[in-house]
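Novice: The structure follows.
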Amino acid sequence: MQINSVSIVGGGAWGTALAQTLAHGGIKVTLWAREPEVVDDINERHVNRTFLSGVSLNPAIRATTDLSAVARADALLAVVPAQHLRSVMGKLAKQLAENTPVIICAKGIEQATGRFMGDVLEEAAPQVLRAVLSGPSFAADVARGLPSALTLACRNETTGRALTAALSSRQMRLYWSSDVLGAELGGAVKNVLAIAAGIVEGRGLGASAHAAIVTRGFAELRRFGEAMGARPETLLGLSGLGDLILTCGSAQSRNMSLGRALGEGRSLGEFLGARVSVAEGVYTCAALVRLAHEKGVEMPIAEAVHGIIEGRLLVDEAITALMQRPLKAED
Ligand SMILES: NC(=O)C1=CN([C@@H]2O[C@H](COP(=O)(O)OP(=O)(O)OC[C@H]3O[C@@H](n4cnc5c(N)ncnc54)[C@H](O)[C@@H]3O)[C@@H](O)[C@H]2O)C=CC1
Ligand SMILES: O=C(CO)COP(=O)(O)O
């Protein structure tokens, strides 16, 4: 499979960073953004001040607000936030050729349906070849050309290996996996757990509590992943444990920063109102908890985050409830 041109659907921080890294690798990149000012910024000034300020972009990146202009490419990257993926890909679906590789880069679960992004894409555009790109990767790091390693999952081995080779570069090393659900599940769940890690930090609970919440959070991610059919090695890999470590450990994370603000006593509305960027864990937590209940999987940390986001639970009540759960064997 020859990949000379790539379309990127979504002009937020991550879509822009991926455009940058692929353009540096010599791939022709066309990026669709909703906001005309983002398109102007990228085409005229080679920056994206709205979503990725402080990075000079490769002048070869072309941006457009016209969705039909991104339908014909060797591969397409879907980088709109999870709750908008269905509507945007639905608009584009009829123009996508049979077997076009579409690589999902959003991290989340659809709130209304509880569907993972791969299923959403299959329903919106059943004729395309689905893949997932996920792993520890802050947009600002990748856009600056710092080294990163991610998982590219695709059920079809030939396509998966070809995409991995075509999109890898000296800065971004991709590992192929056939476990599509496992790769997308880690990215969705870690966002919810990063809110919990942020709360621990914002509340000043200390480094020991931080290590405990990340470790017990991973136990939840692993239990849930295995119940959903993800492979253990995927959950332990870049898209699972790797991304959990990154997101729970850095103030660069929007989810972690949101948790920190909540831990400091600020409100959800105050945090979200001050930002244009998305904290996916806010929208994924309800669907995650619902799915966990359906599968009979215990996820007390995710449930606590959900309760706090919904305003049913105070931060201190959540901490007390977690610490007073019945003692049990470590699993
Ligand atoms: N920023 C990062 O470091 C990384 C982000 N991701 C994932 O990429 C996805 C996109 O995130 P970012 O690029 O960071 O976004 P962002 O937070 O930088 O920007 C928000 C994006 O949402 C879009 N948006 C808002 N309302 C919309 C609507 N009604 N329909 C369609 N699009 C709408 C905006 O146009 C903009 O592209 C998320 O799922 C995120 O978890 C994955 C890896 C790294
Ligand atoms: O997914 C990410 C890093 O891999 C970005 O995390 P945040 O959305 O929390 O910033």
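Just so you know, glycine gets a Cβ as well, placed from its N, Cα and C.
Any TrEMBL annotation is an automated prediction that lacks curation.
Since the structure is predicted, the reported quantities are computational estimates derived from the model, not experimental observations.
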Novice: Can you pick which of Ala131, Ala139 TrEMBL lists for the same NAD(+) site as Gly10, Gly11, Gly12, Ala13, Trp14, Gly15, Arg254?
Specialist: Ala139
Novice: Among Lys28, Lys190, Lys328, which residue does TrEMBL annotate as binding sn-glycerol 3-phosphate at the site that also has Lys107, Gly135, Ser137, Asp243, Ser253, Arg254, Asn255?
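Specialist: Among Lys28, Lys190, Lys328, only Lys190 appears alongside Lys107, Gly135, Ser137, Asp243, Ser253, Arg254, Asn255 as sn-glycerol 3-phosphate-binding in TrEMBL.
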Novice: Using CB under 6 Å from any atom of ligand 1, narrow the binding-site residues Gly10, Gly11, Ala139, Lys190, Arg254, Glu280 to the ones that qualify.
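Specialist: Checking each Cβ against ligand 1, the ones under 6 Å are Gly10, Gly11, Ala139, Glu280.
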Novice: List the same-chain residues at least 6 positions away in sequence whose Cβ sits under 8 Å from the Cβ of Lys190 (sn-glycerol 3-phosphate binding site), in sequence order, or say none.
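Specialist: Sequence-distant Cβ neighbours: Lys107, Gly217, Leu221, Gly240, Asp243, Leu244, Thr247, Cys248.
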Novice: Taking the Cα of Gly12 (NAD(+) binding site) as the centre, which of the binding-site residues listed as Gly135, Ser137, Ser253, Asn255, Val278, Glu280 lie within 10 Å of it?
Specialist: Val278
Novice: With every protein chain in view, what's the tally of Cβ atoms within 10 Å of the Cβ of Gly12 (NAD(+) binding site), excluding that atom itself?
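Specialist: So the number of other Cβ atoms within 10 Å of Gly12 (NAD(+) binding site) is 23.
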